[in-house]
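Engineer: I have a structure here, written as structure tokens, and I will follow up with some questions on it.
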């Protein structure tokens, strides 16, 4: 136990609280059993736990009634261990030679590599003999039994290798049409072509079907908008606003009174003037005719309009430009080519059967008959007899 920490100064002794005695639960009949432990809050169990324990005890009793040695683990341990030892002994007897698990496969692979090396060396020796070109043909050749055995093994290895190559060639994926078709389709969908191209084509077809009903309505609307848009005036245009007013067509006369025109004299009924209008008329003083104010005021200059000198050259160019514009307006516009709508383009072309039949008859009429062929043949023989046709030699 660790020593209590040291404290310095005035130490006041604290009063220890008295320990409380455990609370005992009185029995039903007022008598306490000494054999049983006192029931405290820690060892009290609920009714459900007691019920489970009682059920387990009943199961144990049933099992013991069927087999008295069912819970005798120490007595059964020797039997269990004896069964395990018997199984190990059987496995040991079956594996008398104690063959390795992977050694046999490794030995076979080593023998195969040796045969490959012998085959390689033999091909190399054959090439060297071909280069010698019979230089050592007069010498004796010694062949041992081991060499013959080695040659036989190499021959078997080559035959086995040829069979494997033929089998692999026959079962190759490249020669399987089904796999080839699937691989080609995958390449087309994933590599050679954008995978979203099919979706885009479907969306375009849907849009075309929607526009079939509308026809050329959108194109007609665009043409009308272009015609209705006023021509923008350029800052370099020399035409004044007076010329524009003169070029405009005269407007129809307007009535200055309400109602319809009748036969005879139509009197204009004047409206009664208000008090403010009468005051304005009374205060109005007309200017004399000799006043400079009556002189025509120049029209307000438009934004971006530049004043230019009126030279004879400029006026001549202006007159020529006006003349060209008048001739253009008088000349009839060439007829516009009819626009074929998208709906007409998508419709299948109609084939005139009568015209097609006439064309076929004209083609067949140009063919030679047997009589024409015989006549041409006779003419050829006549020209050859006369020496006009020289046969090729």
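The backbone N, Cα and C atoms fix where each Cβ goes, and this holds for glycine too.
The structure displayed is predicted, hence computed values, not measured ones.
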Engineer: Looking at 1-49, 50-98, which one does Swiss-Prot call region 'Disordered'?
Structural biologist: 1-49
Engineer: Within the compositional bias 'Basic residues' (199-209), how many residues are helix, strand or coil going by DSSP?
Structural biologist: 11 helix, 0 strand, 0 coil
